[in-house]
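Asks: For 14-32, 53-74, 135-156, 183-209, 221-247, 267-291, 336-361, 373-399, 411-433, 445-466, 486-511, 603-621 (among others), the entry in TrEMBL reads transmembrane segment. The domain 'Cytochrome oxidase subunit I profile' feature in TrEMBL is assigned to 31-550.
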Amino acid sequence: MNLPLIGQVPSDVVAAWVFSILGGILLFLWVTKKQKWPIVFGYMRTTHHRKIGTMYILFAIVFFFRAGMDALFIRTQLSMPNNDFWVFQGDKYNEVFTTHGTIMIFFVAMPLLIGLMNVAVPLQIGANDLAFPYLNAVSFWLFLSGGIIFNMSFFFNAAPNAGWTAYAPLATDTYSPGPNINYYIFGLQVSGLGTIFTAINMIVTIVRLKAPGLKLTRMPLFSWSTLVTSFLILIAFPVLAIALLLLTFDRFYGTSFFGGEMGSPVYWQHLFWIFGHPEVYILVLPAFGIFSDVISTFSRQRVYGYTSMVIALALIGLLGFMVWAHHMFTVGLGPLANSVFALTTMLIAIPTGIKVFNWLFTMRGGVVRIKTPMLFALGFIPTFVMGGVTGVMLAVAAADYQYHDSYFVVAHFHYTMVGGTILGAFAGIYYWYPKMTGKVLDETLGRWHFWLFIIGFHLTFLPQHFAGLNGMPRRVYTYTWEDGLFVFNFISTIGAFLMGVSMLFVIWNLYKTHRFSKKAEGDPWDGRTLEWSVDSPAPEHPFTPMPQVTTMDSFWYSKVGKAKLGNAEDPRPSPIAVESYQPVTLAGIMIALSVAFVYNWIWLQVIFGITVFIFFILRSLTDERKAVYRGEAKK
Ligand code: HEM
Ligand SMILES: [Cu+2]
């Protein structure tokens, strides 16, 4: 499209600008008309875990629609051989699968899970908030500014296009000059920093703020999975940060870590996957935790094999660091390395299998009630097992020479990431929605959502296994009639649109629930763990007085009358929730600083760099807690 004053701009970018501006105006008018600005400002200042968790989930869903549109464009382009849908050929196609993959992983799956941790973990362990509420707000705003930086790229017609893995040498300045990859680097760098802070926050909260008597050996499994995941984040994300930093140096300052005589593109692959493989466990362990809690609640049964569940979580986490080279079987590391990594990879199937059997045994002994969260759990088990089986197939190093970079791999990782993480996040949202908003989502619409989504999912991704085995490579924008891939791709596209339709039921459900349903009670599911002992939505200081825990699933046993949930002396002061615009301000500065780097505007880098520094100094000199302490001292 040729625009006056601006010049040539692709028509999809113009369409995005038009829709975003119109949408923005409508949103602005709606918020003004409904007089919701005080609520918006309240959320901008908040440091409260429930509100921050809600915002994580809200923006994750926004990004889910954004990356889902990418997926639908990809699937439309691939629906027929030799197709020419809109602009999505050649380099545009590269942009679309890159933004789809990157956004889904970093700005959908991660914030969905971190949001649920924020909402549920403090409540499950009897804490009044996370250990560092201010830091928590900083984490959230860093995540959002990373997401904004990454998404800006598309609006300025410079979307990253080297895949979510950004392999060198393609991602170096030699082969990708221009700002595209810089957006990738700074989007991930800024949001990754927030993720690391969250991990620290979760670990300290779980270690320090559990209610009296809630020993680690009695802790609900979602909190356990959060603890293990946080350690994985703490080890894996700094590796990503360093890899991105080295790539920054290669692109801006003439170093050659990933090219040249001394460097090697394989170093990038090692660094990326030393982060990247643990990352997929970071995405799936919390989902395991959610399913464990959901299955035991809706089976009215203590989770089967609690100890083995915890050991399996820890083992998967540990083994997750020893398998990264299974992404590099075809690079030429040699038969010995390939065999070792093949074996460690296959070992992971053992603790995973233990968990699957434990879930099945939990249901076997129990009285199963099929509510929406439980439906998602029931859909998850067979789906995830299929992803696990293809995973073991891919782990056979010799066979991987055939599977590598084919649609078989695309099918495999969607079975694990959608079948595990996304189904888990949906289950968690339906399950804990009362704790976030004080309402229970509508059951009928929830069922529609589940059935359309799961049918659409298998229609989309099951045929991709066969497309891959029949020779369809991933990351290609077309194929011919002679390739014999039409039917697989056509079914796959229909499935993708079915999933898209299922998401409309989520929107309908949100609308219907908030318009028509009554306030939920504290314990709508007949729950087992402490979060169900407090009101819905969770109040600001839910655990005053502090409960005294004597068993696992103590709330359940207090209901059936076996062990009363007494009160305890609060062993330590609760974290003080402060209200502050500082975190959101910092996020704004980080966006400006990142843009200065993306376009290599040195003077702006200096100016915003100094601004960040001044911000740190100001922050070090303020202490909002002083006022609170003074108030307490007066009392
Ligand atoms: C919900 C519906 C989804 C559909 C229909 C879908 C579809 C697709 C398609 C068609 C591709 C491109 C394959 C290629 O050309 O190589 C792709 C790639 C990818 N998807 Fe999805 N996807 C979905 C959800 C997700 C989710 C939830 C995640 C992660 C949590 C995810 C992660 C990825 C990744 C990492 C890639 C690889 C990108 C790359 O090659 O760099 N997808 N997806
Ligand atoms: Cu892996």
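Using the three backbone atoms N, Cα and C, a Cβ is placed for every residue, glycine included.
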Asks: Is it true that the transmembrane segment (373-399) and the transmembrane segment (445-466) have 3 or more CB pairs under 8 Å, sequence gap of 6 or more?
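Replies: Contact criterion met.
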Asks: Under 8 Å between C-beta atoms and at least six residues away from its ends: which parts of the chain pack against the transmembrane segment (603-621)?
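Replies: Tertiary neighbours of the transmembrane segment (603-621) are 582, 585-586, 589-590, 592-593, 595-597.
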Asks: Determine which residues of the chain contact the transmembrane segment (411-433) at the Cβ level, with the cut-off under 8 Å and only residues 6 or more beyond its ends counted.
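Replies: For the transmembrane segment (411-433), the list is 57, 60, 104-105, 109, 112-113, 116, 119-120, 280, 283-284, 286-288, 290-291, 293-294, 297, 371-374, 376-377, 379-380, 383-384, 386-388, 390-391, 394, 439-441, 446, 449-450, 453-454, 457, 460-462, 464-465, 468, 525, 531.
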Asks: Can you name the far-off residues of the same chain, 6+ from the ends of the transmembrane segment (486-511), with a Cβ under 8 Å from a Cβ of it?
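Replies: For the transmembrane segment (486-511), the list is 61, 64-65, 68, 71-72, 75-76, 78-81, 441-442, 445-446, 448-453, 455-461, 463-464, 466-467, 470, 472, 479.
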Asks: Using a Cβ cut-off under 8 Å, which residues of the same chain at least 6 positions beyond either end of the transmembrane segment (183-209) come close to it?
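Replies: Contacts with the transmembrane segment (183-209): 98, 102, 106-107, 110, 114, 117, 121-122, 125-128, 130-132, 135-136, 138-143, 145-147, 149-153, 158-160, 162, 166, 171, 219, 223, 226-227, 229-231, 233-234, 237-238, 240-241, 244-245, 247-248, 251, 572, 575, 590, 594, 597-598.
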Asks: When you scan the chain for residues with a C-beta under 8 Å from the transmembrane segment (14-32), skipping those not six or more beyond its ends, what do you find?
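Replies: Counting only partners 6 or more residues beyond its ends, the transmembrane segment (14-32) has Cβ contacts under 8 Å with 1, 3, 40, 154-155.
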